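The following features are taken from Swiss-Prot:
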type	residues	note
ACT_SITE	ASP11	active site
ACT_SITE	ASP130	active site
Amino acid sequence: MLAKRIIPCLDVRDGQVVKGVQFRNHEIIGDIVPLAKRYAEEGADELVFYDITASSDGRVVDKSWVSRVAEVIDIPFCVAGGIKSLDDAAKILSFGADKISINSPALADPTLITRLADRFGVQCIVVGIDTWYDAETGKYHVNQYTGDESRTRVTQWETLEWVQEVQKRGAGEIVLNMMNQDGVRNGYDLEQLKKVREVCHVPLIASGGAGTMEHFLEAFRDADVDGALAASVFHKQIINIGELKAYLATQGVEIRIC
């Protein structure tokens, strides 16, 4: 059995790490490189960096900090933000990133997933999915351009359909960003994760809602996700990664102990 992964998420805007609630009202957390180094030293299994306004601004992720991160950490990291071409991806990987993640650009051009997978291998192609639960319809819908409130829109894709589509096209991993839960720290959306797990045959990463160590345990135990991504509980030092991993190990979760 592969070890479960703990993945701090760093949302980047204007060269700094920020964090919002339900993808809105972002506050500045701190500088990118020191935070990345801290999380690596605490025992994170990998890091994810989202340049949250790159796609909505029509630009590629700011590459200046990618190489600096690569110099100070010795764990894998993934970079996302406005990657719309093979050249964009190649540059980010050449600066030291281990994986690239696409989200809004994949919705705009689903063939991008296949082209990236064919060129670089499925192991480094992650597809992020921003999913919103509509209480009126009882359905989960994929959203696009979520880094900019004024441009965020609901797509024609229902979440389960898009999960299956991106796998067919070559996604090597899926990060499910559950927007309703984002930043509120009352637990992952386990029901949604279970439904996605049934149709997801590549590694699945839960994102949005972690507030306690028990929330991580529930995601691993009840929804069988491969990794759990979180931001505010780590940024605000509510949970220490080393202590979290020790707790999960006592609960029988296969985890890499620091």
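Yeah, the Cβs are placed from backbone N, Cα and C, and that goes for glycine too.
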ASP11 (active site) versus ASP130 (active site) - Cα distance in angstrom: 14
Per-residue Cβ crowding (10 Å cut-off), top of active-site residues ASP11, ASP130: ASP130
